[in-house]
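What follows is one structure encoded as structure tokens, with my remarks underneath.
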Amino acid sequence: MAASDKSVDDSLYPIAVLIDELKNEDVQLRLNSIKKLSTIALALGEERTRSELIPFLTETIYDEDEVLLALADQLGNFTSLVGGPEFAMYLIPPLESLATVEETVVRDKAVESLRTVAAEHSAQDLEIHVVPTLQRLVSGDWFTSRTSACGLFSVCYPRVTQPVKAELRANFRKLCQDETPMVRRAAANKLGEFAKVVETEYLKSDLIPNFVQLAQDDQDSVRLLAVEACVSIAQLLPQDDVEHLVLPTLRQCASDSSWRVRYMVAEKFVDLQKAVGPEITRVDLVPAFQYLLKDAEAEVRAAVATKVKDFCANLDKVNQVQIILSSILPYVRDLVSDPNPHVKSALASVIMGLSPMLGAYQTVEQLLPLFLIQLKDECPEVRLNIISNLDCVNDVIGIQQLSQSLLPAIVELAEDSKWRVRLAIIEYMPALAGQLGQEFFDQKLRGLCMGWLNDHVYAIREAATLNMKKLVEQFGAPWAEQAIIPMILVMSRNKNYLHRMTCLFCLNVLAEVCGTDITTKLLLPTVLLLAADPVANVRFNVAKTLQKISPFLEASVIDAQVKPTLDKLNTDTDVDVKHFAAQAIAGIAAA
């Protein structure tokens with residue numbers, strides 16, 4: 001008897017512990033217990049999970065949002081733990097309850113789990129258990145339940161009978177007309193996915209009137225979500241129907257009084273273009289695109305500017321060049337000198353992509369003048385976006401033409417009297433070098449990079465040093481050995497001590513990317529020579545450099561060449577030299 005009692009106690013243990021933990025004052029403990037629900041369910045078995053655990057969770061969970069969110073997430077994966085699809089209906093009550101709470105993230109997760117569980121029901125069980133849940137949510141007093149209802153239509157509709165389908169369409173219409181904006185917003189958000197499962201006949205008779213109504217809502221937050229639905233609906237209809245049923249509303253959205261709605265149209269423009277096809281694009285979308293490119297709101301212009309390349313790429317190939325030249329480029333020219341830097345930057349990130357579409361002649365005639373303006377723009381992002389995408393143009397017109405047209409502008413910027421402009425070009429140089437290739441770089445740009453090392457502004461010299469490291473990473477150590485290290489080593493003999501210091505700074509960073517052989521053979525001898533420099537600043541930088549490059553030297557080299565030099569510097573007459581020498585000796589010993 002005692003053994004029998006013990007087995008009963010053991011079987012009750014998981015649920016008892018769960019109850020205790022869920023009543024604990026510590027939120028973290030409650031959260032952990034929810035995350036272990038599947039383990040507890042396995043211990044209880046399917047029947048007791050259905051008869052004890054699920055009712056307990058349904059009745060007693062009123063907790064912090066974090067705990068409720070974890071519960072909503074767990075229950076979505078619980079079907080197998082309650083006995084499989086034929087018992088999935090047991091999960092509906094707790095999830096329905098969670099779908100009505102105040103916190104949006106909890107509701108959204110509950111709806112996500114409800115959708116998962118609903119899909120696991122048989123068609124018959126769906127009508128018996130899930131559809132009534134949906135209808136209760138639709139007629140709930142609080143807007144929270146009605147917003148959650150919107151997410152369930154598309155999973156229920158395809159598998160129910162015709163009379164129930166009619167009810168669901170009527171319920172959805174009711175939500176589209178709800179007095180609360182949050183509910184209408186949720187309906188607009190789910191309209192597109194619902195449209196995908198509704199028969200074409202009812203899409204036209206029921207859902208498109210809902211779409212038109214939502215697109216005219218007095219709240220712009222509802223109208224902008226209707227724009228997303230527009231894409232889905234346009235994809236589902238034949239061209240004639242799109243023209244008559246969707247386009248009037250789309251035109252209205254493109255010229256909406258709220259910039260947020262127009263912004264959404266701009267964001268979705270290429271998706272809309274793909275949905276409506278080339279003929280409607282040519283007749284209707286090109287004018288709408290032009291309208292948005294001239295929008296009064298900079299946010300809208302920036303959004304549509306980022307779509308210029310993709311919109312043009314998806315134009316009908318027969319008319320593509322003609323449409324770009326006559327209908328798009330005149331507006332793009334205006335954006336090149338837009339007063340807003342975000343708009344100019346957005347355009348600069350895509351404009352080079354027009355080059356392959358227009359071909360060599362039109363690129364030279366039409367696009368290069370715009371690129372030159374953008375290369376000289378005061379906004380660094382604009383210049384960077386042009387330089388970063390030069391490969392598109394290079395592929396079309398070739399390096400020769402590109403260098404003749406754009407290189408003078410780059411050189412001009414590299415030698416600009418404003419040091420910040422010079423700095424910007426230095427920062428773009430690795431990207432530029434990568435696009436133009438090593439041979440071109442050596443011919444046209446290497447001299448510029450070396451010149452920056454001798455700039456009178458320290459920030460430029462510092463940036464130029466880091467630039468050298470990035471170039472070696474790009475082109476490799478053998479290139480560095482041939483192309484730049486000899487020129488840098490010459491600086492160690494310059495009469496101006498600042499040049500000798502820059503030489504040391506370069507050797508510091510080059511050791512990291514050139515490896516042991518080059519560091520030992522080429523870099524170290526020059527550093528050691530500068531240990532006898534007459535200027536104390538150079539000598540203490542030798543000490544710092546020796547410490548910095550020591551990880552890239554063999555131990556025997558450190559013992560034979562580095563340590564004797566540092567010992568000598570440690571007896572220097574200058575206090576700073578002695579300090580940094582001692583620091584280097586200690587640093588190398590500790591390594």
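Each residue, glycine too, has its Cβ placed from N, Cα and C.
Residues or ranges marked as N-acetylalanine by Swiss-Prot: ALA2.
Under the heading repeat 'HEAT 3', Swiss-Prot lists 87-125. If one looks beyond the repeat 'HEAT 3' (87-125) by at least 6 residues along the same chain, the residues whose Cβ comes under 8 Å of a Cβ in the stretch are 46, 50, 54, 57-58, 61, 65, 68-69, 71-73, 75-79, 133, 136-137, 140, 142, 144-145, 147-148, 151-152, 155-156, 159-160.
The average pLDDT for the repeat 'HEAT 4' (126-163) in the predicted structure is 90. For 126-163, the entry in Swiss-Prot reads repeat 'HEAT 4'.
Swiss-Prot lists 164-202 with the feature repeat 'HEAT 5'.
Look at Swiss-Prot and you will find 242-280 tagged as repeat 'HEAT 7'.
Applying DSSP to the repeat 'HEAT 8' (281-323) sorts its residues as follows: 31 helix, 0 strand, 12 coil. Residues annotated as repeat 'HEAT 8' in Swiss-Prot: 281-323.
Sequence annotations record features per position, and here Swiss-Prot assigns repeat 'HEAT 9' to 324-362. Long-range neighbours of the repeat 'HEAT 9' (324-362) within the same chain, counting only residues 6 or more positions beyond its ends whose Cβ lies under 8 Å from a Cβ of the stretch, are 286, 289-290, 293-294, 298-299, 301-303, 305-313, 315, 370-371, 373-374, 377, 379, 381-383, 385-386, 389-390, 392-393, 395-398, 401.
Residues 325, 329, 332-333, 336-337, 341, 344-345, 347-349, 351-356, 409-410, 412-413, 424-425, 427-428, 431-432, 435-437, 440 of the same chain lie 6 or more positions beyond the ends of the repeat 'HEAT 10' (363-401) yet place their CB under 8 Å from a CB of it. According to Swiss-Prot, the feature repeat 'HEAT 10' maps to 363-401.
Annotated repeat 'HEAT 11' per Swiss-Prot: 402-440, in sequence order.
Tertiary neighbourhood of the repeat 'HEAT 12' (441-479): same-chain residues 403, 407, 410-411, 414-415, 419, 422-423, 426-427, 429-430, 432-434, 487-488, 491, 498-499, 502, 505-506, 508-510, 512-515, 518, selected by CB-CB distance under 8 Å and a gap of 6+ residues from either end. Positions annotated as repeat 'HEAT 12' by Swiss-Prot: 441-479.
Annotated repeat 'HEAT 13' per Swiss-Prot: 480-518, in sequence order. Panel annotation: around the repeat 'HEAT 13' (480-518), residues 442, 446, 449-450, 453-454, 461-462, 465-466, 468-469, 471-473, 526-527, 529-530, 533, 535, 537-538, 541-542, 544-545, 548-549, 552-554 of the same chain, lying at least six beyond its termini, place a Cβ under 8 Å from a Cβ of the stretch.
The annotation repeat 'HEAT 14' is assigned in Swiss-Prot to 519-557.
Residues of the same chain lying 6 or more positions beyond the ends of the repeat 'HEAT 15' (558-591) and with a Cβ under 8 Å from any Cβ of it are 524, 528, 531, 536-537, 539-544, 546-547, 550-551. Swiss-Prot lists 558-591 with the feature repeat 'HEAT 15'.
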Quiz prompt | Sequence-remote partners of the repeat 'HEAT 7' (242-280) [C-beta within less than 8 Å, at least six residues beyond its ends] | solution = 204, 208, 211-212, 215-216, 220-221, 223-228, 230-231, 233-235, 288-289, 291-292, 295-297, 299-300, 303-304, 307, 310-311, 314-316
Quiz prompt | Within-chain partners of the repeat 'HEAT 14' (519-557) [C-beta distance under 8 Å, separation at least 6 from its ends] | solution = 481, 485, 489, 492, 497, 500-501, 503-505, 507-508, 510-512, 565-566, 568-569, 572, 574, 576-577, 579-581, 583-584, 587-588, 591
Practice problem: Determine which residues of the chain contact the repeat 'HEAT 5' (164-202) at the Cβ level, with the cut-off under 8 Å and only residues 6 or more beyond its ends counted. | Solution: 127, 131, 134-135, 138, 143, 146-151, 153-154, 156-158, 210-211, 213-214, 217, 219, 221-223, 225-226, 228-229, 231-233, 236-237
Quiz item: Other than its close neighbours in sequence, what residues sit by the repeat 'HEAT 4' (126-163), given a CB gap under 8 Å and a spacing of at least six beyond its ends?
Solution: 89, 92, 96, 99-102, 107-108, 110-112, 114-115, 118-119, 171-172, 174-175, 178, 180, 182-183, 185-187, 189-190, 193-194, 196-198
Self-check item: DSSP helix/strand/coil residue counts for the repeat 'HEAT 7' (242-280)
Solution: 33 helix, 0 strand, 6 coil
